[in-house]
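Comments concern the structure below.
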Amino acid sequence: MSGQKKDNVAAYLFLSPWLVGLFVITIGPMIASLYLAFTDYNLIQAPQWTGLENFTRMLSDQRLHNSLKVTFTYVFVSVPLQLAVALLLAVVLDRGVRGMAFYRSVFYLPSLLGSSVAIAILWKQVFGTDGLLNQVIAPLGFDGKGWISDPSTALGTLVVLNVWTFGAPMVIFLAGLRQIPAMYYEAASVDGAGPLRRFASITLPLLTPIIFFNLVLQIIHAFQSFTQAFVVSGGTGGPSDSTMFYTLYLYDRGFGNFDMGYASAMAWFLLVIIGVFTAANFVASKYWVFYDD
Amino acid sequence: MTTETLPRSVPATSGTTLAWRRVRPALTHVALAATAVVMLYPVIWMVVSSLRPGNEIFRDPGILVRDLRIENYRIGWNALTEPFTRYLLNSAAVVLGSIVGNLVSCSMAAYAFARLNFTGKKFWFAIMLVTIMLPIHVVIVPQYILFSQAGWINTFLPLIVPKLLATDAFFVFLMVQFIRGIPRELDEAARIDGCGKGGIFLRVILPLMVPALATTTIFTFIWTWNDFFSQLIYLTDPKMYTVPVALRAFVDATASTSWGSLFAMSVVSLVPVFLAFLLGQRFLIKGIATTGIK
């Protein structure tokens, strides 16, 4: 065997578990789900080819439209809020506060807990009628209410939960802030720039690649949120479908009603949405992301 | 904010500036500490409430325990058809299998991508990067059909086998990034000493990539422990429930009437995550800063 051939054999041996996984667990099922998206399939009878019917059904499915509205609201409100808080605290911590490592850990911890069922259960209590929040605000003279049982505020409690997990993007911002040379700030100070000016003219532009990275990541992540809404609403997406995330509705169709063809069509539509948003982000980034080199 | 322009308008030695320089760090600390308290308060309150008699949970927003009761834990532990020990062991089995799977298969793939030259390398690497972004939803329905035809529903295999096949591609990426930082001269020296590619991987690369392996272990631990969606789908027999699925069943069973025991089991479920966080902080922070995983 020639050298290159030998190299190929060795490399593909090392790659073999990943390659098997790629074809059997990822690409195969992707092709299958693309096929199922054009069928009616309930797991028991063989899939029936129905052409575009699942997609035309999506066009007139009011619950699906509502779930899109809920998901978009969630993404557009919670992601910018979460990133703003993350950036603010990263900048404060980066100034070399004593005990920085301690604060960083404390702020980061919710990112690890936030996706758990346990925290969703906690949230359900905190924002319930007898919940912690109402107990805290009652002595201050505010009238409490069932934040989770009221359709106008239920989604807001999940937004708060997502903002609460700002620690992960904060850590990425901190890593980015470290890359900014201190001499830029020194030079700006000598020229008389105050902290706000330095932030606007140095920190923000030099951090745009990191902001972009976090934005893309958190948007993809937020579109796929499931656990919190599922647990808080008892799997119903209620009250009045106000927390019916797209993924929750997909689960409801596929695994609640064994409407597998429709669920597959929904999954592909989700992929398209995420793809379009990511692509749009990349296109828009040309106008606001600043690369130093 | 007039203070922002102080360094320019007022000489640096002036009293106001000095006072401000002393006060500002203190104010920052107060603000940071307040933020930390607000953030952690609900979790601390949950721990405290899990030790209280049920009716107090609805009255007391404080975190002092006057009447310590641990029976919430006893009641919660036996509230479902199986004792909670069972769910903890089930979760432990899934987590352990996932960790082993990710460590072995992702490190092998990463070594190939970072160190070996082969036909189609760029193509496969690009595919690997794309799969990181792929939502699980586009594969979950056929995967479910596949695993159910294999008779794997209500076993841990649908949760572990994909990890053995390196489907958590971000760990491949993380390890590739790490291996690229290891000097190639070490591979060369080992090769001259007669090591083959397998030998270089096992004796040179693996021992040097322990930090990346630790990061992978800790993230796999926490994510798998917290994972709900796939465990909910594949585990429907109460005997096979993992901790998150059991907790959710508990919520449904009690209709949230016994917050005390529900909180008690929630606390139990968070303890392993918290311990992993304490032990692995360094690796967690590094891992997230370099790859953006969370």
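Heads up, the Cβ atoms here are built off N, Cα and C, so glycines get one too.
Here TrEMBL flags B:26-48 (among others) as transmembrane segment. Beyond its flanks by at least six residues, the transmembrane segment (B:26-48) meets 61, 63-65, 263, 266-267, 270 of its own chain at Cβ-Cβ distances under 8 Å.
Under the heading transmembrane segment, TrEMBL lists B:87-111 (among others).
The feature domain 'ABC transmembrane type-1' is assigned by TrEMBL to B:88-280.
Within the chain, the transmembrane segment (B:123-147) has long-range Cβ neighbours (under 8 A, six or more residues past its boundaries) at 109, 113, 153, 157-158, 167, 169-170, 172-173, 229-230, 233-234. Marked as transmembrane segment by TrEMBL: B:123-147 (among others).
For the transmembrane segment (B:159-179), the list of distant contacts is 94, 97-98, 100-102, 104-111, 113-115, 128-129, 131-132, 152, 205, 209, 211-213, 215-216, 219-220, 224, 227, 230-231, 234, 287, 290-291, 293: same-chain residues at least six beyond its ends, Cβ to Cβ under 8 Å. Positions annotated as transmembrane segment by TrEMBL: B:159-179 (among others).
Among the features that TrEMBL reports, transmembrane segment is placed at B:200-225 (among others).
Annotation source TrEMBL lists transmembrane segment at B:259-279 (among others).
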Excluding the flanking five residues on each side, which residues at least 6 beyond the ends of the transmembrane segment (B:200-225) place their CB within less than 8 Å of a CB in that stretch?
91, 94-95, 98-99, 102-103, 106-108, 111, 115, 159, 163, 168, 171, 174-175, 178-179, 182, 186-187, 190-191, 243, 272-273, 276-277, 279-280, 283-284, 286-287, 293
